[in-house]
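What follows is a short report on a single structure.
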Amino acid sequence: MAIAGTVPAKPINLLGSPFAKSSKSLQCLIRRSSSSSSRKRDHHHHRGSQELKKNVLTRGIGFQWGEERRRRRGGSNHGHHEYCRAESVERAGLLFGGGGLSGEERRGVVAERVKVVSLVALVMCLCNADRVVMSVAVVPLAAARGWSSSFLGVVQSSFLWGYIFSSILGGALADKYGGKRVLAWGVGLWSLATLLTPWAAGHSTAMLLAVRTLFGLAEGVAMPSMNILLSRWFPSNERASAVGISMAGFHLGNVISFLLTPILISSIGISGPFAMFSCLGFLWLTVWVYGIANDPRESSSISDSELVFIQAGKTDSSTTTKGELPSLRMLFSKLPTWAIVLANVTNNWGYFVLLSWMPVYFKTVFNVNLKQASWFSAIPWGVMAISGYIAGAASDFLIKAGYSTTFIRKVMQSIGFIGPGLSLLCLNLATTPAGAAFFLTAALSLSSFSQAGFLLNMQDIAPKYAGFLHGISNSMGTLAAIVSTIGTGYFVQWLGSFQAFLTVTAVLYFATTIFWNLFATGERVFH
C-alpha cells in the first residue's frame with residue numbers, strides 16, 4: 001500500500017518497528033504520513049536531519065523536529081508519541097490548561113507559550129501604566145504651574161514625539177533580531193525615563209519635555225515587538241487570543257495606574273507612582289532576559305510536543321527578513337496597506353484622546369475631584385481588557401470554524417469602529433458622571449475588537465515584514481494621536497466644550513469603516 005505524498009515502496013514491516021509500542025500512536029503516525037505532502041514545511045535550519053527523512057513514518061514536520069531535538073539532547077526514544085499529542089491538542093484548541101503537553105507534563109509544567117504571553121501581558125500592563133501616570137499627575141502639575149489647556153496638551157503629547165520615530169525602527173529591528181531583545185531594551189529605557197520624570201518636572205519644562213520624549217522613544221518598540229514575538233510563539237489559530245491576552249494586560253495598566261496614582265501622589269508625593277512603576281519595570285526585565293527565548297525553536301525548556309504543535313499550526317513559512325526591508329513604494333502600492341494605515345490612524349486618534357483627556361474631561365465637565373475622576377476613567381479600561389480577550393477568542397473560534405480570514409478581519413474591525421463612533425455621539429448627551437462612564441465604557445470596550453482586525457492583519461498580508469509595516473502604520477497613527485491630543489486642548493479652550501471634538505472623532509470612525517470594508521484583505525499580499 002503506497003502512502004500519499006511518498007514514493008511507492010515495498011511494504012513496511014510495522015510490527016517489527018519500534019513505533020509499534022503504542023497502537024494509537026502508530027495509527028496516528030500512519031494517518032498523518034498519508035497527508036504529509038500538505039503539512040510539510042521548510043526546515044533547512046535543522047542540521048543533520050537528512051537521516052530522519054529516510055523513514056516514511058517521519059515525514060510529518062513535527063515528528064522530524066521532535067526526533068532531531070531528542071537526538072541533540074541525548075534523550076530517550078519515546079518521541080513517537082509527540083506528533084499525536086500535538087494533533088490531539090490541535091483538535092482541542094487549547095491555549096491554557098497545558099496545550100501542547102502530555103497528560104503527565106500537564107500536571108507539573110506550564111506550557112512555555114503560556115509563560116511567554118503572561119510576561120508579555122505583564123509588560124504591556126506596565127507599558128500603559130507608565131503612560132497613564134503622567135495623565136493623572138499632569139492635573140496637579142498644571143495647577144501648580146499655571147498651565148493652560150492648550151499647553152497641557154503639548155505636555156501630554158510630548159510622549160508621542162519620540163514614539164513616532166521609534167515605531168519604524170523598532171519594527172524593523174524586531175523583524176531582524178526578534179521581539180525579545182528589542183523589547184528588553186525598550187523596557188529598560190522607558191523605566192529609566194519614568195524614574196526621571198518627577199526630577200525633570202522640578203528642573204524645568206524643557207527638561208520634562210525631553211524626558212517624556214525619551215520615554216516615548218523607548219515605548220515605541222513595544223507594539224511591533226509584541227506582534228513579532230507572539231507570531232513566532234503561537235500557531236495561527238491561537239494568535240488572536242494571544243494578542244487579546246497581551247492587550248488585556250495593556251488596558252489593565254490603565255485601570256491600575258488610574259486607581260493607584262492618585263493614592264500614591266496624595267500619600268507619598270508626585271514621585272511616588274513614577275518610582276514604583278519604574279522599579280517594577282526593572283524587576284520584569286530581569287525575569288524576561290533569563291526566562292524566555294526569542295523563538296520556540298531556540299528554547300531549551302519547551303516540550304517537544306508543544307514545539308510540534310506550534311510549528312505545525314503556522315501558515316507562514318518564514319518570519320525572518322535577514323536584514324532586508326521592502327521599499328515604501330512597494331508597500332504603499334497596495335490598497336490593503338492603506339487600509340491598515342488608515343485604521344491605525346483612526347484607532348490612535350480616538351484612543352489617545354480618551355487616554356490623555358479622561359481625568360480632565362470628568363474634572364471639567366462634571367467637576368469631580370481627581371480620585372473620583374480616576375475611578376470613572378478606570379472603569380472603561382477594565383471592561384476593555386475583558387472585551388479585547390473576547391474579541392480574540394471569537395476570532396480564533398471563527399477561524400477554526402472555517403470562516404475566511406478576510407471576513408473575520410472585516411467583521412471585527414467594523415465592530416471596533418462603528419461601536420465607538422456611536423458611543424461617542426451618545427457621550428455628548430450624557431448629563432451625569434455615571435452616564436458618561438457608561439458611554440465611555442461602551443466606546444472603549446467595542447474599540448478593542450480592532451485588536452482582532454487591523455492589528456492582526458499586518459501578519460496576514462506581510463508576515464515577513466510585519467514588524468516594519470506595524471512600525472510604519474504606528475508612526476502615522478502616532479502623528480494622528482499628536483494632532484488629536486493637542487487639538488483637543490485647543491478645541492476645549494476655543495469652544496469651551498468637548499462635544500465638537502468627540503463628534504469629529506465619531507465621523508472619522510465611520511469613514512474609516514467604509515474604507516476598511518472596501519479594501520482590506522486577510523490574504524497574503526507581500527511574498
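From the backbone N, Cα and C atoms, a Cβ is placed for every residue, glycine too.
Caution: TrEMBL annotation is automatic and unverified by curators.
Features of the protein shown, as given by TrEMBL:
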REGION    30-51  region 'Disordered'
COMPBIAS  38-47  compositional bias 'Basic residues'
TRANSMEM  116-139  transmembrane segment
DOMAIN    116-523  domain 'Major facilitator superfamily (MFS) profile'
TRANSMEM  151-170  transmembrane segment
TRANSMEM  182-201  transmembrane segment
TRANSMEM  207-230  transmembrane segment
TRANSMEM  242-268  transmembrane segment
TRANSMEM  274-293  transmembrane segment
TRANSMEM  338-358  transmembrane segment
TRANSMEM  378-399  transmembrane segment
TRANSMEM  411-430  transmembrane segment
TRANSMEM  436-456  transmembrane segment
TRANSMEM  468-492  transmembrane segment
TRANSMEM  498-519  transmembrane segment
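Within the same chain, the transmembrane segment (468-492) stays apart from the transmembrane segment (378-399): fewer than three Cβ pairs sit under 8 Å, each pair at least 6 residues apart. The highest tally of CB pairs under 8 A with the transmembrane segment (436-456), across 151-170, 182-201, 207-230, 274-293, 338-358, is held by 338-358. Two recorded stretches are said to be in contact when at least 3 C-beta pairs lie under 8 angstroms, sequence spacing 6 or more; the transmembrane segment (498-519) and the transmembrane segment (182-201) fall short of this definition. For the transmembrane segment (242-268), the partner stretch with the highest count of Cβ pairs under 8 angstroms, out of 207-230, 274-293, 338-358, is 207-230. In this chain, the transmembrane segment (151-170) lies in contact with the transmembrane segment (207-230); the count of Cβ pairs under 8 Å, excluding pairs fewer than 6 apart in sequence, is at least 3.
Against the transmembrane segment (151-170), stretch 338-358 has more CB pairs under 8 A than any other of 182-201, 274-293, 338-358.
Note on the transmembrane segment (274-293): residues 115-116, 119, 122-123, 126, 129-130, 133, 137, 180, 183-184, 187-188, 190-192, 194-195, 197-198, 257, 260, 264, 299-300, 302 of its chain, located 6 or more positions outside it, place their CB under 8 angstroms from a CB of the stretch.
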